[in-house]
Amino acid sequence: MAAQIIDGKLISSQIKDELKEKTALLKEKGIEVTLAVILVGDDPASEVYVRNKKKACEYIGFRSLSYELPAETTQEELLKLIDELNDRKDVDGILVQMPLPAHIDEKTVINAISPSKDVDGFHPMNVGALCIGEKGFVSCTPAGVIQLLKRGCGGKIDIAGKECVIVGRSNIVGKPMSLLMLRENATVTVAHSRTKNLEEVCKRADILVAAVGKAGMITKNHVKEGAVVIDVGINRNEDGKLCGDVKFDEVSEIASAITPVPGGVGPMTIAMLMNNCYEAALMHMES
Ligand code: NDP
């Protein structure tokens, strides 16, 4: 039987609509959720991402402050702007669009953002909080995967007690994904480029998350009958079309549920960023 499609477009719209309602209630109390978005340089892909984030803010009713800086901006200038935004009481979230030009050190920039405004969830304080099970901002893409699992297939996917294999161990996807799955009580295996017998390891999974960045590398030989398959990968195939890490056609014949690319994990990332901004505003209200 063909797999059920987990529709990220639909689920992300639901989340954005819920946020829109909650934001309207905050507005009635005179509180405006504000995200500052910083873009350095003119990378076309980054420009699209930033535009989409600003659009989402507008839809939900957040205020977005836009800082479009020239590629020659020095690290010092960028850090100064971040400092100013850290100090501003009317700014809830700060997002610096990555990648940054080569002369700017991304780690230094991430570390400069106040953890309470780090809505991307990249600051070591927030990563640490996730690690020890404390409250903090969680990286948006893996947080989105958890929402897909919880809300997809009519809420019938159980995570607790399941074998979960994550392929990929990056700081923004694979690692936080493994911690979130652990928090949801899955039994977690993280595979990577040095993993031996990847097919066998993946075949153990009840829930398989592919976050590698290699078009179609997960085939039906990696997937157990009835597994849930989440495809985080965003790649271009030979025809220039967007595709995931998973060979969708063949895997959807044996999986019980699967996310498409595009329209799966992708739209969830922005929805979870918006959720983090809302949470940041609540936190700042209380402090
Ligand atoms: P990285 O390149 O940072 O990490 C890739 C990971 O895959 C590494 O841990 C690497 O292992 C592992 N890997 C590489 N080759 C193999 C292999 N042959 N077998 C097993 N593991 C392998 O990528 P990201 O985590 O940033 O992104 C992964 C994918 O997700 C990309 O396609 C990216 O575009 C997409 N993405 C999508 C988002 C969305 O919103 N949907 C958001 C973020 C990313 P090792 O550590 O050993 O090198």
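Yeah, the Cβs are placed from backbone N, Cα and C, and that goes for glycine too.
Listed in TrEMBL for this protein:
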- G168, R169, S170, I234: NADP(+) binding site (BINDING)
- 6-120: domain 'Tetrahydrofolate dehydrogenase/cyclohydrolase catalytic' (DOMAIN)
- 139-283: domain 'Tetrahydrofolate dehydrogenase/cyclohydrolase NAD(P)-binding' (DOMAIN)
- Item | Cβ neighbour count within 10 Å of R169 (NADP(+) binding site) | 18
- Message: Return the count of C-beta atoms lying within 10 angstroms of the C-beta of I234 (NADP(+) binding site), excluding that atom itself.
- Response: 17
- Message: DSSP on the domain 'Tetrahydrofolate dehydrogenase/cyclohydrolase NAD(P)-binding' (139-283): how many residues come out helix, how many strand, how many coil?
- Response: 56 helix, 26 strand, 63 coil
- Expressed in angstrom and rounded to a whole number, the NADP(+) site built from G168, R169, S170, I234 spans a maximum Cα-Cα distance of 16
- Task: With DSSP as the yardstick, break the domain 'Tetrahydrofolate dehydrogenase/cyclohydrolase catalytic' (6-120) down into helix, strand and coil residue counts.
- Result: 61 helix, 18 strand, 36 coil
- the domain 'Tetrahydrofolate dehydrogenase/cyclohydrolase catalytic' (6-120) [mean pLDDT, rounded to integer]: 97
- Item | Under 8 Å by Cβ from G168 (NADP(+) binding site), counting only residues of that chain that are 6 or more apart | G174, M177, V190, A191, H192, V209, A210, A211, V212, G213, V232
